[in-house]
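Inspection log for the structure reproduced underneath, given as structure tokens.
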Amino acid sequence: MCGIVGYIGQLDAKEILLKGLEKLEYRGYDSAGIAVANEDGVHVFKEKGRIADLRAAVDQTVMSQAGIGHTRWATHGEPSRLNAHPHQSASGRFTLVHNGVIENYVQLTREYLQDVELKSDTDTEVVVQLIEQFVKGGLDTEEAFRQTLMLLKGSYAIALFDLENKGTIYVAKNKSPLLVGLGDTFNVVASDAMAMLQVTNEYVELMDKEMVIVTDKKVVIKNLDGELMSRASYIAELDASDIEKGTYPHYMLKEIDEQPLVMRKIIQTYQDENGKLSIPGDVAEAVAEADRVYIIACGTSYHAGLVGKQFIESWAKVPAEVHVASEFSYNMPLLSEKPLFIFISQSGETADSRAVLVQVKKLGHKALTITNVPGSTLSREADYTLLLNAGPEIAVASTKAYTAQIAVLAILAAVTAESRGKALGFDLVKELGIIGNAMEALCDQKDEMEMIAREYLTVTRNAFFIGRGLDYFVCLEGALKLKEISYIQAEGFAGGELKHGTIALIEDGTPVIALATQEHVNLSIRGNVKEVTARGANACVISLKGLEEADDRFVLPEVQPELAPLVSVIPLQLIAYYAALHRGCDVDKPRNLAKSVTVE
Ligand code: M6R
């Protein structure tokens, strides 16, 4: 979702801003813009569409040592050049970029801006106009900014530029991510460290309701009462090559291929010196002491949570529930006496999950975040964190984070089981090693996956994924992958539910992808395949070695069946990838979607 960059220093700002915005492209956006200042004034360039379009529109002769930039994912007002950020105040003195949603913008317009003609349809423009109104009323810029922030309801990350003080960028944050990056002769602002890794890897985190005065030499953090805050910087442990595509045509394909490596890294990370699986003692204790675990997540992370719940219940014998974060806030179930909340989030910034975290912390409950991003909001605000160590995931469609989440949940459940004296019945370290090898073998069979995608999904308007037990959860994920990048209407169903309604949708040629990796439901899912085939479906069965039948389209390598989701999802990821490719879709940046969903 929207991204912010800012630079103030000695180098040409526009190139740094444009490169920064390119690094934020993965978050999803539909328009972009930059504003740079020099002795002639502020120069604003905005375009609907891609950063490449913006780059083409930027006047390369304009030199400047300060500026702000933005990628916009439309919430208020259609994606257009007019609604793209930066927005300017009526006089043109103030220029501002904003991520998030200002919930009370209508009310603020009514109360403070009746005489101001707003140029855009955005909630953002209200902020910059308000600042100007306060300055007109006699406040200096910093105070006007502070007064404005105090009026805002909702979420924001803001960077503000004042034409009459070109040596400063004013920054603020509430609920939307924002970092300040430090350099010797410059400072930067970014929604995400990756954007400014080109110039620095040293960052300062900002907390909610803080404002920052950034010059090329100084970074001054204050709370909204105007009190100075001190904060140590940290080094972002990111390798610039981690965020490059290398020879891959798409990040998604690179990230699918990275899964075996991620499995090995996770095994290493969560092993003690004797090779035994281990997680930090306080986390293990928190799970072991809980009388019920509530897993909260969205999208793919929710699907990983469904698999994780099985591990926690069947291995550790702790009751567990999985909830979609956006529903949980207003649909909270009756909680147990000693609950533990587990938040699963690749980005650690998902606003819906964060809203629940805030809610449950207020109730005094303990929370653990499982995330790929150290220092992310969900990690900072929870009591405990377990990291995925999957490396940056850039493609909007989550792949390696999903398998990493399942593996970390498996380790968490296994360690808890052991601490509660429950036997697993197999050696998880060994089995995860086998999974890594199986993943590698699957990633080597891309031609086969491309053929399946061509055969079943090239000309279709819909597709169904069916499975039972753990396979059902993987089907939900397979369908999400396919729909989000190929725009084929895809749904995952529990095999047993078909006859209760969904089977009515089956007609001649409807693609039905069925997973058969679980012995105890194998006969039943085979029965479901027969039912849909009898009604004309084009069924594609993917089975686990040992359970295969003659007509199965693809057989997965043999793995521990409870861990089968870690391998059965790989063909589904690859099939979705090739289906999207065949249909000419923008695989890494699907329409309307954002990588990091930072608004509720
Ligand atoms: O960063 P998170 O894991 O919290 O993100 C949750 C979902 O937005 C995310 O998984 C989304 O569903 C992906 N685009 C799916 O590929």
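The backbone N, Cα and C atoms fix where each Cβ goes, glycine too.
Automatic prediction, not curation, is the source of TrEMBL annotations.
Taking a C-beta cut-off of under 8 Å and a sequence gap of six or more, Cys2 (active site, nucleophile) has these contacts in its own chain: Arg27, Tyr29, His70, Thr71, Arg72, Trp73, His85, His98, Asn99, Gly100, Ser176, Ser191, Ala594, Thr598. For Cys2, the entry in TrEMBL reads active site, nucleophile.
Positions annotated as domain 'Glutamine amidotransferase type-2' by TrEMBL: 2-217.
Along the domain 'SIS' (283-422), the predicted structure has mean pLDDT 95. The domain 'SIS' annotation in TrEMBL covers 283-422 (among others).
Under the heading domain 'SIS', TrEMBL lists 452-590 (among others). Break the domain 'SIS' (452-590) down by DSSP state and the numbers are 70 helix, 28 strand, 41 coil.
According to its DSSP assignment, Lys595 (active site, for Fru-6P isomerization activity) is coil. Annotation source TrEMBL lists active site, for Fru-6P isomerization activity at Lys595.
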Query = Three states by DSSP: which one describes Cys2 (active site, nucleophile)?
reply = coil
Inquiry  = Using DSSP, what is the helix/strand/coil residue split across the domain 'SIS' (283-422)?
reply    = 64 helix, 28 strand, 48 coil
